[in-house]
Amino acid sequence: MIFHCEVDKIVDQLQQLMQVYDLAALRDYWSYLERRLFSRLEDIYRPTIHKLKTSLFRFYLVYTIQTNRNDKAQEFFAKQATELQNQAEWKDWFVLPFLPSPDTNPTFATYFSRQWADTFIVSLHNFLSVLFQCMPVPVILNFDAECRRTNQVQEENEVLRQKLFALQAEIHRLKKEEQQPEEEEALVQHKLPPYVSNMDRLGDSELAMVCSQRNASLSQSPRVGFLSSLLPQSKKSPSRLSPAQGPPQAQSSAKKESFGGQGTKGKDPTSGAKDGKGLLSGLATGESGWSQHRQRRLQDHGKERKELFSTTTSQCAEKKPEASGPEAEPCPELHTEPVEPLTRTSLAGPEGGGVRPEQPFIVLGQEEYGEHHSSIMHCRVDCSGRRVASLDVDGVIKVWSFNPIMQTKASSISKSPLLSLEWATKRDRLLLLGSGVGTVRLYDTEAKKNLCEININDDMPRILSLACSPNGASFVCSAAAPSLTSQVDFSAPDIGSKGMNQVPGRLLLWDTKTMKQQLQFSLDPEPIAINCTAFNHNGNLLVTGAADGVIRLFDMQQHECAMSWRAHYGEVYSVEFSYDENTVYSIGEDGKFIQWNIHKSGLKVSEYSLPSDATGPFVLSGYSGYKQVQVPRGRLFAFDSEGNYMLTCSATGGVIYKLGGDEKVLESCLSLGGHRAPVVTVDWSTAMDCGTCLTASMDGKIKLTTLLAHKA
């Protein structure tokens, strides 16, 4: 309806201009329609537009003749002659103002009819109507519709997210139900007989009598293998059991009695049960205060004990011929452990442990980038989350995208060894590459060429770390003297004592636009190699980790060290600001993952021990004693968008831990897996709707895992 109103207004406006003989306005209005509307159409519609324009001008000429305004007709040809004289369809129309009765002329009679005029108006109206319906709405006018559509898509995504997690919980429940029959079948011999379940209702003397008979039976049985050493012997009769404690202790007693029955291989367990029954009966008759009902109950208990011993002995006897030697394997039913309830997996076993009932992330997919053929050193996502830059030990740089498909955008091989890599912040098409010969190169990933190469320092040729300020105006560069140990050693020598690779170094600030050095930071107490650097969100703070185990926090407005403290025994391998930027996290050569308060120098917030495959040095073993050892160079950990979870390296893939807990060990939430070689660097991009985890390993493989976060 809105489109029809607009079309009606356009047609009415054209007719009004013709009625007042405003040829200039008519031409301008049609030119406006051509520029704003008709120019967006395909070329196949150009003949139609030209015919409509010709008919519009003829309609104007006919109107001037019908209203006896020949002067306006002559004015039309005077102004339009240069445009129309070369067009064949206008060749006969130049005589129109001079004909006495043009409506009777066979050439023009059709145009003076009412039918032709109505047909033209309807054709113009229909053409504009179809054009408005098919033409895309301008972006500014489509804002409200886009907002509504975006909100609708977000609501649908949230509904699908909840359905996905609900299905995951249902799958977990069904798997648990499938495992229960197997567990019950495996634990059938641990089922408590009635006399044990009712033991808490027996008197103290009855309980002591049952326990004494059990001990007597165990004392007469020879010990079998290591299993007997694991069964403690009771030295005194237990006291009356409370109702709350009855079932667990009763179950333990049942297990011990079963093992005791199993140990009597050379004797008939039936006779032992009969002796027990006689003993129970004798004690029952000798007690003057017992009732007849209590005596019958004890006799029933004796029968049940007899059945229990008989069943246990017969089952073990079936297994006995298969065993070789005196140390026969006991019945599996007797030592089957019940399945423990689901618990959180601790750091001691990130690959094992139970599955959490509700995972914080769902793995939507995992892809592999395999265009590197040697160990990866760095793998970083740009700030837009669309491209990845990866660098291996052979100096091969790959820039590739993964959305919607994985595709290599640029590739380069460096003649000199490369040690560091960093994306530029403002112009995210640029890469900073630090070499092992004292140079930093600025590489354009779209033009696929080096823009410039600057010489940092000849005395300190190793560019260990690069960090670009978030404002894009500058970057810091860590230069160090030659290493005491090689970066990648194929003979795998002894790594030596921690912190032995302490060499002099410098921390420099460079201008991004001019590519000139601005200043050199002071490194107290002495110049030392800086292994890792990181800015906060606005670039006002810079945190560094050095080979001497010291973390230094620099004020980038004053260009001085605000505080420093010894953080690790050995080198600091990786350091990052926390999500709220009130603390920093670090990983060191000592295998510690520590959180530090930046408002109080050296104040430790938390400390955790990480596995060696998460901190390095990383070792890849091969045939004939071949070993490849790589010292950490890239980022060893990365955070999610809210800083609640951390991604680290491992021998088989990335591992995600939950942060902020009160436990003394980190809680492992998800193991990404997928690698056959140790992972040496990670990155976590949250620029897109779904999180993207990157894990790069020593065999040159890079795994890209897409995660969907569970929103509470």
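Heads up, the Cβ atoms here are built off N, Cα and C, so glycines get one too.
Keep in mind the model is a prediction, meaning the values are calculated, not measured.
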Segment assigned the feature coiled coil in Swiss-Prot (from 148-180, 346-378, 577-609): 148-180
Residues from the same chain, set at least six apart from the ends of the repeat 'WD 5' (567-606), whose C-beta lies under 8 A from its own: 498-499, 501-502, 531-537, 541, 543-551, 553, 612, 614-616, 632, 635-639, 642-644, 646, 648, 666
Rounded mean pLDDT for the residues that make up the repeat 'WD 6' (629-667): 90
Tertiary contacts of the repeat 'WD 7' (674-712) (same chain, 6+ residues out, Cβ under 8 Å): 157-158, 161, 164-165, 358-370, 372-381, 383-386, 388, 390, 392, 402-403, 406, 613, 616, 618-620, 628, 630, 632-641, 647-654, 656
